[in-house]
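Comments concern the structure below.
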Amino acid sequence: MRGLTAALRRQKAPQLMRGQRNPKAPDIGKLITVRVSPKTRARIDTGPRHRTFCIVSNPRQAVRNVPKIEQIDAFIVDIPTIRGHVLSMTTMRAQSAVIVRLRCSDGSDGIGEGTTIGGLSYCPESPESIVSAIDTYLAPALMGQEANGIAHALALMDRHARGNRIAKSAVEMALWDALGKRLGVSVAQLFGGQIVQDMPVAWTLASGNSDTDIVEAEQMIALRRHNIFKLKIGKRAVREDVAHVGRIKAALGDSASIRVDVNQAWSLADARWGLKGLQDVGCELVEQPVQARFVNAMAELTRSYEIAVMADEALGGPEDALSMASRKAADVFAVKIAQSGGLMRARDVVSIGQAAGIALYGGTMLETAVGTAAALQLFSTVEHLAWGTEFFGPLLLKDDILTTPLTYRDFRVAVPQGAGLGITLDPAKIDFYRRDKARSLHAVAGE
């Protein structure tokens, strides 16, 4: 528009020699504010009298300068747990997490994590298969692609590898971290903005011994670290498990909320008896009582008992969430970034749950502080998590791999502040716990 152009040119330029830059001209990329006349403003919109513009020398050049994915490094760190973590299908004494480091052509970088539970005993992916999928299929597909195009990157990964949700999630997480760092904003800001500063965090009691679990829970309450406890059951007979839960609830009373996770261990017949018994001893919620594929059984249990039924392993992404919601097969969704296939798809699961009136819970794959920070960023954009979170993964490990650990206090965990995920890896810790010191590296030609 002539008026707008005149406003930008209003200041008379000095006489310059060929090739000499006007010292009064704004720098390329700089934001400038100019006064716009009422007549010109009326032709643009009804906005303010002063408008802000970004000076670009050549728009085509700006497009060419979009950062590209240049390097992806995937490796395993093995970190011991503070105690044996007893689940229905395995006992964990260490966590093996896949860390992804991604570098872009503009020098920006990002980190991500892909973690499963107990090797292949929990799901079809293991730490070794995650690294293999990234090295062999995902990283080569992404080399040279625009680093800002995260949706496109996810589509490319889907095209080159079916399934492998945790591997894709680790790479996608690193892309979000890098984008946030480039823009100087948190990942939460990229997903619409942070609503909460911290959130309630549960602790899992998984020694398998009632007396040990009671002492551990009482210590956590005294430290004001946790007052929500999830018990891992399903390895023993149903009646023994119910008695175990009842003893712990009776000892803690109203000072704690008690939930259980069966990890798919029960048949429908066992689950009917188990839910009735758990309900009677004061347990508030049971997580994934039957196998994930038994959606009709989940729906029956959800209808039949007052105790809340939560879907976990049954949620492999938005499609599963839609199926569970349409069949009313859960009261609560345990939403996990890795299990959903990444932050974007986990946010889709959240949206489906919200639309269906299903309560939400922030789930964990027992990640290190990297994956936990990503979960905190994402779930800080959700207004209401009716059942809280279980983002305690870093506390289960004997060591932390961040320069500044996450903050747990007053029964809550704080959302890390800063650009991207808001965290920094500790190089010495990474080097110490890294399984294979030889780098598993993909880089563009010439690197």
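Indices start at 1 and increase along the chain as displayed.
Cβ coordinates are placed from backbone N, Cα and C, and glycine is handled just like the others.
Record note: among 1-24, 25-48, 1-24 is the stretch given as region 'Disordered' by TrEMBL. Per DSSP, the domain 'Mandelate racemase/muconate lactonizing enzyme C-terminal' (211-308) is made up of 53 helix, 14 strand, 31 coil. In this structure, the C-alpha atom of Lys232 (active site, proton acceptor) lies 13 angstrom from that of Glu390 (active site, proton donor). DSSP assigns Glu390 (active site, proton donor) to coil in the three-state reduction, outside any helix or strand. For Glu390 (active site, proton donor), the same-chain residues that are 6 or more apart in sequence and have a Cβ closer than 8 Å to its Cβ are Val201, Ala202, Trp203, Thr204, Lys230, Tyr361, Gly362, Gly363, Thr364.
The Cβ of Lys232 (active site, proton acceptor) has 23 other Cβ atoms within 10 Å, all protein chains considered.
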